[in-house]
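Take a look at the structure below.
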Amino acid sequence: MTSNRSFFKLQRELIRRNLILPVLSGVGFFFALPLFTLMMLQHQVSMRTHLPESEVKDYISSIASNSLLSDMYPGAKLGIIIMASLAAFMLFRYLHSGKQVDFFHSLPISRGNLFVQLYLTGFMSVIPFYVIMYFAAVVCAVTMSAGLYITAGLIFKALAVNIVYFLLFYSIAVLSVILSGNTFISACIYALLNVIIPATAVMLSSLYEISFDTYMSSPVLNYIARTCFPFASYFDISTGIRTVILLIVTFIVSVILFALNKVLFTIRKSERAGSALSFYKMKTPLKCYLVLMCGYGFMFLFMGIASYSWRYVGIFFGVILAHAVFEALYNFDIRSLFKNWKTMIALLVVTFGFLTLLKADILGYDKKIPNEANISGVSFSADYPGRNNYGSFLSTFDDLTDAKNISTILKIAKYGVDNLDNELYNQTGFVQDENNTYINIHYTLKNGSRMSRHYNIPITDEYIGYLDDIIFTKEFIENQDNSIFDFPIDKLIGAEIDIRTQATTSSDISGTVIDKNKAIEIIKTLREESLTLTKEQAKTDIPVLRLDVNVNYYNEDGYTNGSSLQYVPVYSTYTKTLALIDKYANVKPEPLTVDNVASMDISIYDIITSDKLSDETRQKIEALFTDDSEGSTVRIDDVNIMSKILENAMLDEVSISTNTVFKFGNNYPFSIQVNFKNNTQSNLVYPDGKFPLELLVNIILGSNQ
């Protein structure tokens, strides 16, 4: 049976014996592609009968090209994965039956050719039916006038992605069947082969996180976990050159797996049918890997239920239980649970030892700071210490490359390393209180690699000085997250600005600029003037206007993105911006005055724990109220008194727009709500040291007289 005629005769016979495969493929892809396309498009048309026909055609064409017929359509992908798995198990499962093995291996054909025949049978039982049904779906879309955006490139990409990933999943499934003589264990191996690489990367990352004080993430491990998980990379396929590279690599891996499968199929012994593993040399390495993973998995389980101190207990039980289970599975005998107890003890020692060595940081991970000469850029995220209001979070959306900024970041890193041995690292997560804070630093090295570190550090003038040296540089301002620079102004397709003054609450708007060109002119001017803000001005000045900026723009991949910025500050020194706002929105700065205030409510909420009141004053206030004074409110409508309260005050919304370095008073026992004549409300906030405590105490003590 070596001629082409014999080859195709055997091919037809294999397809006939497994006729269920092409039947399932045809029926499944019929429902997933042409039928579903017709149903979905018809439904969308029926929902839009009130729209013009051209708009309906454009809409359903977008659905067809961006979803149903694209490489992103999940229905086709699920079908590909299911049929690839079924084909492999149905065609190669004979290896798990001694009688069938004897029959197939008695055929006058070499093992290598038999493998190729079986492999091609699986491919020919699925892919032709997928391609036919895909083109049937294309015809359905065109027939329903939904083919405006269907191109040859769209069709080719969808077919290429799904066929290449079919080969990958099919090859992995075939490998799992060959490696075992038992169908259940083959299914377990199939699941393991799909997750073994990303699971290892995630486990290592988790071990680093609990072992190293400064660990944030590993770009290498993150990349491996993201790209080496076939299901994730398949369903998260993107566009551009990255997709082409991914498909090429995936195809190469599939070819390598095909060659490996052929070799293993050829050398696999027939008597391995029914055994747990077809190649006994796999038993020890596979068992060791799985036991180690289970040991650390139990460690994290125990830590999650109890605490970090239970980690070794979790490892102990995890290793023992996993080792016993795998021994029973290997030998199909529950009496062999502890047959290889010496291996179990060795695995316990290895698991304990690896974790202990990581925690000891023998390689100096925590203290490592890259050489300044090797750094091409840095970014960071931190909470600015000492600010007792909103907006204290600092971060950059792109690297800082200025030599001075890099040098300052390295000083902060050294400051963090010098404080590694303090008690802050006995806590989990990011430390943030009145005495301590955190910073995350990300380095981009000149060799293209990335390095990240997290530091919990005490707040000192030295540390604040380092931050101040960075955040008022032109480079930082132009790269700060959630700022007026946080979108590409040259790619804007829409822009709108809402304007509010110092006297306007968030419920009101003083003016709006909806014309895109006018809004862009304001944004460009504001960007220029934002670079003139000094540290001294930022510490003392209150913005005279605040803006909400909403923009739409094209991102790097050509898709539409939106950005919504709130509380964008406009200072009194931004004269060009103020002039444009006055010109286009007829809005001028308006201070907070008593003219529009109807009343104020002074709430007593923290007189017990506040350190701002003397014991005598606290007792006098408590004596005024028959009930608990906490939560009590005193209303004021006297214009003169309200005018005094408004001195140095700003609305809570206005305080959010102040700069990060602007400080506010805290731990005061009273809060003040302003009730405006237009039925809106807001709370008052004061700069540090400006809270009218004495005035409020006198008002409260005199309220019942």
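Placement of Cβ uses the backbone N, Cα and C atoms for every residue, glycine included.
The transmembrane segment feature in TrEMBL is assigned to 20-41 (among others). Only residues 6 or more beyond the boundaries of the transmembrane segment (20-41), in the same chain, are considered here, and those with a CB under 8 A from a CB of the stretch are 60, 63-64, 68-69, 75-76, 78-79, 82-83, 86-87, 90-91, 121-122, 125-126, 129-130, 132-134, 136-137, 139-141, 144, 146.
Annotated transmembrane segment per TrEMBL: 78-96 (among others), in sequence order.
Distant neighbours of the transmembrane segment (116-142): 7, 10-11, 14-15, 18, 21-22, 25-26, 29-30, 32-34, 36-38, 41, 61, 64, 68-69, 76, 79-80, 83-84, 87-88, 91-92, 109, 150, 155, 158-159, 162-163, 166-167, 170, 174, 258, 261-262; these residues of the same chain sit at least 6 beyond its ends, with a Cβ under 8 Å from one of its Cβ atoms. The transmembrane segment annotation in TrEMBL covers 116-142 (among others).
The transmembrane segment annotation in TrEMBL covers 154-178 (among others).
Summarising the annotation, TrEMBL assigns transmembrane segment to 184-208 (among others).
Annotation source TrEMBL lists transmembrane segment at 243-265 (among others).
The transmembrane segment annotation in TrEMBL covers 286-306 (among others).
Look at TrEMBL and you will find 312-332 (among others) tagged as transmembrane segment.
Among residues of the same chain six or more beyond the transmembrane segment (344-365), those with a C-beta under 8 A of the stretch's C-beta atoms are 207-208, 211-212, 214-215, 288, 291-292, 295-296, 299, 311-312, 315-316, 319-320, 323-324, 338. According to TrEMBL, the transmembrane segment annotation covers 344-365 (among others).
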Legend entry - Same-chain residue ranges lying at least 6 outside the transmembrane segment (78-96) that approach it to Cβ under 8 Å: 14, 18, 20-21, 24-25, 28-29, 32, 103-104, 118-119, 121-123, 125-126, 130, 162, 165-166, 169-170, 173-174, 176-178, 180-183, 186-187, 190, 231, 234, 268, 272-274, 278
Inset, instruction - Using a Cβ cut-off of under 8 Å, list the residues of the same chain at least 6 residues beyond the transmembrane segment (154-178) that approach it. - result: 65, 69-71, 73, 76-77, 80-81, 83-85, 87-89, 92-93, 95-96, 119, 122-123, 126-127, 130-131, 134, 138, 186-187, 189-190, 193-194, 230, 234, 237, 243, 247, 250-251, 253-254, 257-258, 260-261, 264-265, 268, 278
